[in-house]
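Annotation source TrEMBL lists transmembrane segment at 6-27, 39-57, 69-88, 113-129, 149-169, 181-200, 212-229, 241-259.
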Amino acid sequence: MVSQVLVALALSLVGGLSTSFGALLVIVNETPNLKMLGLLQGFAAGLMLSISFLDLAHNAINSIGFLKGNLWFFGGVIFFAFIANFIPEPTLAPISKKDEGGKDTLKKQRRQVLFSGIVTAIGISLHNLPEGMAVFLGSMKGLRVGVNLALAIALHNIPEGVAVALPVYFATQSKWQAFKLATLSGLAEPLGVVIVAYLFPSSLSPEILEGLLGSVGGVMAFLTLHEMLPLAFDYAGQKQAIKAVFLGMAFMSASLYFLEISLPQDMSL
């Protein structure tokens, strides 16, 4: 149990700190390449869809039955839909730096933008908590599920880092403040691992674990269809985004195969 928690914590750190990479994109280039971010979202969406439908939901239905598996799956959908309704993810709206109304207007605009950046960071932090919990539950199932979830979430979190750092950098003109706030918002992901690990009973039945993983599949499916695919379409265009989605699905299949043949036989997958 302790080793599984440490693995989940390490994987969630990778996902959480990818928001720092998004902040670095802002620091290096204040106008991030939105098309590239859109392609990353499409690629991550392909990973997520493969995990959700071909792995987590599929295994849950096979393990605990069609009815129970679907109830757990759609329970996860409803849970994350509720979260998204109150804490919507921000979009990467362009920020104008034109001073059209004098210094007072510019100061007021910067205060407003800074406030929006802080609210965005809080929202993303709350949004990342269930993602960290999902990585933990996936790691409890096996290294294969945990690694794939962490990879998909890490790619998804890069634009979140941009969304936090861009308004903060504009308002404060401080690279450090932009990087720090984006990083702190990402650290909510390993915090989610710590919370669920503390509450997670070590004697949980296999049926409940499979049901929880089915719920994780529902969470990932909703996240993909509600947030990631629309962003991919907006930033990369529909045709390019669809190509990225299927590339992500193919990459997931290949990663599952190579991970399975490369790990020792006694290691859980």
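Backbone N, Cα and C atoms are what each Cβ position is placed from, and that goes for glycine too.
A TrEMBL annotation is a machine prediction, not a hand-curated record.
Small disclaimer: the values here were computed from a predicted structure and weren't measured.
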Long-range neighbours of the transmembrane segment (69-88), counting only residues six or more past its ends (CB under 8 A): 57, 60-63, 123, 126-127, 130, 210-212, 214-219, 221-223, 226-227
Same-chain residue ranges lying at least 6 outside the transmembrane segment (6-27) that approach it to Cβ under 8 Å: 124, 128, 131-132, 135-136, 138-140, 143, 146-147, 149-150, 153-155, 157-166, 169, 175, 178-179, 182-183, 185-190, 192-194, 197
Non-local residues, at least 6 beyond the ends, that sit with Cβ under 8 Å of the transmembrane segment (181-200): 5, 8-9, 12-13, 15-20, 22-23, 117-118, 120-122, 124-133, 135-137, 140, 153, 157, 160-161, 164-165, 168
